[in-house]
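Asks: Taken from TrEMBL, the feature domain 'Aspartate/homoserine dehydrogenase NAD-binding' covers 10-115. TrEMBL lists 10, 11, 12, 13, 14, 15 with the feature NADP(+) binding site. Summarising the annotation, TrEMBL assigns NADPH binding site to 100. The feature domain 'Homoserine dehydrogenase catalytic' is assigned by TrEMBL to 130-307. What TrEMBL lists as L-homoserine binding site is 182. According to TrEMBL, the feature active site, proton donor maps to 197.
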């Protein structure tokens with residue numbers, strides 16, 4: 001039995017669920033001849049109560065990373081995780097992350113490691129609903145033409161509540177009360193979280209160097225009840241849509257609210273479900289739909305990436 005040492009950065013909802021799922025899947029790893037050993041969990045406050053397996057080493061000292069074979073990053077942010085992960089990546093060891101902001105904004109630093117197969121990041125877009133895996137493998141055989149996607153659960157919730165008659169302010173307050181939206185909520189409602197995810201996707205189907213700065217962004221803050229009612233009267237729904245398509249010789253990537261027919265897959269995916277419509281010349285139109293957020297949903301993709309690494313699959317390699 002081979003022992004694989006794993007370090008976890010962050011012990012919020014996702015980090016805690018990653019630890020639980022690794023423990024729950026012990027027999028799956030054992031079938032592959034591997035025992036997972038958690039070397040440590042990096043946190044900001046060791047005194048905070050956390051739901052982690054008994055005996056888990058929780059620390060503010062990142063020194064334990066030196067002894068890890070794999071690092072799982074679940075802390076969020078950009079600069080702090082990048083500073084911790086870079087020395088680790090330079091040593092040739094793999095990193096598993098769900099951090100779309102880091103991937104979108106610091107691709108200039110991370111791209112070479114992704115090309116080398118050292119970065120695993122299925123969970124960065126649509127959490128446990130697999131879209132990056134197919135885009136980085138089987139869909140490469142088809143000529144990509146266009147994608148449309150709903151990728152932010154907070155905006156999805158707010159617009160759904162507005163369809164039920166609430167104002168934008170009421171729906172936002174409800175989202176914050178339920179923990180769906182941060183305070184301030186700009187990252188979500190301003191469209192930037194969706195833009196991060198679109199930049200990540202664009203590197204698999206349009207341009208491996210696609211810059212985050214090339215994504216145009218408009219959020220949902222200006223949507224009114226009148227807008228919702230006019231769309232309803234026309235048999236349409238309003239969604240915050242991420243869209244990528246060719247425009248002349250370039251690729252156009254945009255995030256903005258759109259009115260869509262009620263029959264559109266982005267409208268029929270179901271309450272609380274992210275969805276992505278992928279169009280290719282050979283594969284036709286494909287629809288991916290499922291949960292796009294949540295601790296265990298995200299953890300399932302991250303532990304899936306860990307299993308891929310154990311089996312010997314490379315990370316998610318963008319277009320060259």
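Here the Cβ of each residue, glycine as well, is placed from N, Cα and C on the backbone.
Note that the structure is predicted; figures quoted are calculated from it, not measured.
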Asks: Write down the Cα-Cα distance for the residue listed as 'active site, proton donor' and residue 100 (NADPH binding site), rounded and given in Å.
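Replies: So the alpha carbons of residue 100 (NADPH binding site) and the residue listed as 'active site, proton donor' sit roughly 6 Å from each other.
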Asks: For residue 15 (NADP(+) binding site), which residues of its chain lie six or more apart in sequence with Cβ-Cβ distance below 8 Å?
Replies: 8, 9, 41, 72, 74, 75
Asks: Determine the Cβ neighbour count for residue 10 (NADP(+) binding site): the number of other Cβ atoms within 10 Å of its Cβ.
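Replies: A count of 22.
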Asks: In this structure, which of the recorded positions 100, 197 has the fewest other Cβ atoms within 10 Å of its Cβ?
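Replies: Each of the recorded positions 100, 197 was scored by Cβ atoms within 10 Å; lowest is 100.
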Asks: Restricting the comparison to the binding-site residues 10, 11, 12, 13, 182, which residue's C-alpha is spatially nearest the C-alpha of residue 197 (active site, proton donor)?
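Replies: Among 10, 11, 12, 13, 182, 182.
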Asks: Between residue 12 (NADP(+) binding site) and the residue listed as 'L-homoserine binding site', find the distance joining the two CA atoms and give it rounded to the nearest Å.
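Replies: Distance between the two Cα atoms comes out at 14 Å.
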Asks: If I take the alpha carbons of residue 10 (NADP(+) binding site) and the residue listed as 'L-homoserine binding site', what is the distance between them in whole Å?
Replies: 18
Asks: In the structure shown, which of the binding-site residues 12, 13 has the fewest Cβ neighbours within 10 Å?
Replies: 12
Asks: Given the binding-site residues 11, 13, 14, which lie within 10 A of the residue listed as 'L-homoserine binding site' by CA-CA distance?
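Replies: The binding-site residues passing the 10 Å Cα test: none.
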Asks: Mind looking up the mean pLDDT for the domain 'Aspartate/homoserine dehydrogenase NAD-binding' (10-115) in the predicted model?
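Replies: Summing pLDDT over the domain 'Aspartate/homoserine dehydrogenase NAD-binding' (10-115) and dividing by its length gives 95.
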Asks: How many neighbouring Cβ atoms, not counting its own, are there within 10 Å of the Cβ of residue 14 (NADP(+) binding site)?
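Replies: By my count, 26.
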